[in-house]
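Asks: Pulled these features from TrEMBL for this protein:
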- 591-600: compositional bias 'Polar residues' (COMPBIAS)
- 601-615: compositional bias 'Basic and acidic residues' (COMPBIAS)
- 45-528: domain 'Major facilitator superfamily (MFS) profile' (DOMAIN)
- 591-615: region 'Disordered' (REGION)
- 38-62: transmembrane segment (TRANSMEM)
- 82-103: transmembrane segment (TRANSMEM)
- 110-129: transmembrane segment (TRANSMEM)
- 149-172: transmembrane segment (TRANSMEM)
- 184-202: transmembrane segment (TRANSMEM)
- 208-229: transmembrane segment (TRANSMEM)
- 313-335: transmembrane segment (TRANSMEM)
- 341-368: transmembrane segment (TRANSMEM)
- 437-462: transmembrane segment (TRANSMEM)
- 474-493: transmembrane segment (TRANSMEM)
- 505-524: transmembrane segment (TRANSMEM)
């Protein structure tokens, strides 16, 4: 780096003089850092990065409002209805796997732009399903062509749902400050919840074709907004595009050079450490190439590293308990669950809209609260609350079932979509509205408490826990597994309900909620207030048990420290020009290679100094 790294005073004076004398360039600001301005820029960038998730969220709720309208206009059998609802879930895991590869190949912003393509085409295909005048109406009399068009459109929107699961949280996790990351990484769930609520509200007043046409406008607006923001600086660094990475990081730090340089130096230090480790273990992680076989081999090799397989196991375990504790089942079967819970005196469809509104409001509250409360406390409270509310609902239904003859069962809903008219539900419930306060409170409490942790936290943490070199494919693979589990739980609900009854299903949800609470209490790490490189280092060097109890490293986040604070770290003693020269001296093969394939010429004393300063 420079001749004598032990000469700290000389290096520090050089850094201070350079920062004072240099003129701001490329829109940079030399004034003191404004945390408010930095936060404002990051909030705007987070909104743009999560905007592509709104339209996939609308796809999740679309069949719930479309199938009742289709049934009034056509004769759909159970098989057709089930495929209209479930075909999107079949292609969603494929989109998750594709998202991981796109994140590494095209970048985070490029992957977000790619989400809009299948989403836009899918909504247009649904909007232009032909209307027929023959008996059977819109679909029944039109032969197989209209159904094929509808299935294709649903499949494409489901593909976009999977593609949107990883890039947004990854992008936000890489551009946000540690102090703000906990709040901002939850906004992907907020965007999806907003999409579900929007499609519910539109479907209450508009025909389903017009709803699909309006939904197609969101991908267009999303693409326009994404063109205004730079790529993730972390991804640019892994591709050796140092100058672009520095400019992007300066943009996301509101043009404040000192703040950006502090983070930039830390990123370079982490890259140098990874390079030295890979030189000692060259077979641990090869560079990601364009061929699928090399890409797969690289990812499988990386899974042998503790900083990869530890978060991979933890996150997939979290998703397992998320799905089988019923969080997604309640969303897909909202109308049926309202009916089965014994809630009377309110239209089930209106109750579903209210559930969507509660979910959205709680998602917003969670995003604000995570900045203060971290990850583990909300997860534990969420699991415990879900256990109590599901147990209360199961006990209530068991007592009610034993005290009166159960009403004749209506046909089950297919994947959360009503195949009956609203009048059929009015004959289902028994008792008075005054008797339904307990199940209503239990169900709303379950939804609210589930949203606090189990529903939102796993998705939010995808952008935090994986190393930058495999963050895209690891997040994509984890999201794919999550959606496979979601499909399994949703498909299992009708058969399970027929076998053990609604009270039995709610009891099963409560048991999985309890097991999930025990799991997160024992294994879920606390990432609040920690840098991404610090999280990676903890997984590489510590046990999962230690990670759960380790306090956050930085009392003040590194990227919000003032230049005076940053001066105390050896990594920041280099001037930005010297930091860039370090990377420009590296033997970077090509833009397709990350830092895993570079040989960073860094003096060993520098590594020793950094290790001394690491908590």
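Residue numbers in this text run from 1 along the chain shown.
Each Cβ is built from the backbone N, Cα and C atoms, and glycine gets one as well.
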Asks: By a Cβ-Cβ criterion of under 8 Å, what residues six or more beyond either terminus of the transmembrane segment (38-62) are in contact with it?
Replies: 88, 108-109, 112, 115-116, 119, 122-123, 126, 154, 157-158, 160-161, 164, 167-168, 171-172, 175-177, 180, 184, 187-188, 190-200, 203, 208, 211-212, 215, 218-219, 221-222, 225-226, 228-229, 251-254, 256, 259, 331, 356, 560
Asks: Do the transmembrane segment (110-129) and the transmembrane segment (208-229) come close, with at least three CB pairs under 8 A (pairs 6 or more apart in sequence)?
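Replies: Contact between the transmembrane segment (208-229) and the transmembrane segment (110-129): present, because at least 3 Cβ pairs are under 8 Å.
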Asks: If you count every Cβ pair below 8 Å, which range out of 82-103, 341-368, 437-462, 474-493, 505-524 shares the most with the transmembrane segment (149-172)?
Replies: 82-103
Asks: Based on Cβ pairs under 8 Å, which of the stretches 184-202, 313-335, 437-462 lies most in contact with the transmembrane segment (505-524)?
Replies: 313-335
Asks: Which sequence-distant residues neighbour the transmembrane segment (474-493)? Criterion: at least 6 residues beyond either end, Cβ under 8 Å.
Replies: 86, 89-90, 92-94, 96-101, 103, 162, 165-166, 169-170, 299, 308, 311-312, 315-316, 319-320, 322-324, 326, 328-329, 332-333, 415-416, 458-459, 462-463, 466-467, 505
Asks: Please determine whether the transmembrane segment (313-335) and the transmembrane segment (208-229) are in contact (criterion: at least three Cβ-Cβ distances under 8 Å, sequence separation 6 or more).
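Replies: These two segments do not touch.
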Asks: Could you pull out which residues elsewhere in the chain have a CB under 8 Å from any CB of the transmembrane segment (437-462), counting only those six or more residues past its ends?
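Replies: For the transmembrane segment (437-462), the far contacts come to 165-166, 169-170, 173, 182, 185-186, 188-189, 315, 318-319, 321-322, 325-327, 330, 337-338, 341-343, 355, 358-359, 362-363, 365-366, 370, 375, 378-383, 385-386, 389-390, 392-393, 396-397, 475, 478-479, 482, 513, 516, 520, 527.
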Asks: Count the CB pairs under 8 A between the transmembrane segment (184-202) and each of 82-103, 208-229, 341-368, then give me the winner.
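Replies: Comparing 82-103, 208-229, 341-368 against the transmembrane segment (184-202), the winner is 341-368.
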Asks: Averaged over the whole of the domain 'Major facilitator superfamily (MFS) profile' (45-528), what is the pLDDT?
Replies: 77
